[in-house]
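All remarks here apply to the structure that follows.
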């Protein structure tokens, strides 16, 4: 009995030791599993890593932007002297593409994302402090029922049809004198404002107030009005066609956009708090992206408009000055951070975000503009005769335009390389990469829509004879 008791006690000790070893092994396995989960890349969109998602967004912006601008130019249009009724393919064909490109950018930058209006998307609401929801179009469509999605799709289709009809009705009274109607000048502003305001129907009723309407109208005006002024600079340089004016055209456009950008920031920083919203995430609204995109398209359109190498010289000088000033801002932020010794500040992150927007906006539009410009100058284009400037372009215009665009593209890549190298040497290269990926994640749909819409505006909208801008005949040499 004593021997059996001793054996039982020994087995009990062994069982306790085995149990302790099992617990220790389990703890090690849990630690290893936790470390493996932390080391594994985060999965987004269900199956993609952050880097894979970035590549998908990058390719989407590239492919869609390059295809989107020349696509509506393939729609056949008739002689503008036939009037509005004789050009239904223009008003309900080409113009549909324009408003479809307009909607996503305005939708994400202005009005509705998951039931929230523009200010709620980019800011925290002043009264509740609630975070804005994801700006991804996929999450926007995925967080609602199919009934809500169907309702939104039907509403968007009605908005598109309403915009085209409104613009059509502005041109109808002119009958067969559409070429003298100037309907773009008085028809576009109210119809675009109508589209912006109609989106409030899908927003929460708390946003149905006069202050939000004024904020939306001001933002819409400040982002679209510069197009008119930029086109004026391009047309003036093409009309006078002297080396000095051509050389200074790009500089004048850059100064104009800098002034507009400063004024826009001042106005919106007053209106957003006045309307009841916070400015905490205002820097992500995309002003630098939009204004830089418009500036780049205005630079590119100078090449076929002037048919001069002086335009390329002016563009290269302006791009270099802009890049140098942007780097100067970053360097001042880096010096300030080093003096404080607190790492990368929020001010530096905002400056990096702005630089990434400028870098993207001076690169993509160059690629986007090349295919439509080549097609518009091609003798085989049946619509070529209905565009001011392009109805008189020759093979020489096309050759100079293509070479200038390629040189500008190469110079843009060189400036971007310098930005990356200097940011890396200053110790903020990794943070710059993070801000670039963050910007694509938040604005990939808005970027695509902005490039497509700006490309459509500068390659045809302001040059097509159907808009009634007879004054543009000064661009014609034939």
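Each Cβ is built from the backbone N, Cα and C atoms, and glycine gets one as well.
TrEMBL tags one of the stretches 309-331, 332-354, 355-377 as transmembrane segment, and that stretch is 309-331. Across 153-174, 285-303, 309-331, the stretch most heavily in contact with the transmembrane segment (444-465), judged by Cβ pairs under 8 Å, is 285-303. Non-local neighbours of the transmembrane segment (285-303) in the same chain are 109, 122, 223, 226-227, 230-231, 233-234, 237, 246, 249-250, 253-254, 257, 260-261, 264-265, 268, 311-312, 314-315, 318-319, 354, 357-358, 360-362, 364-366, 369, 373, 400-401, 404-405, 408, 443, 446-447, 450-451, 454-455, 457-459; each lies 6+ residues outside the stretch with a CB under 8 Å from one of its CB atoms.
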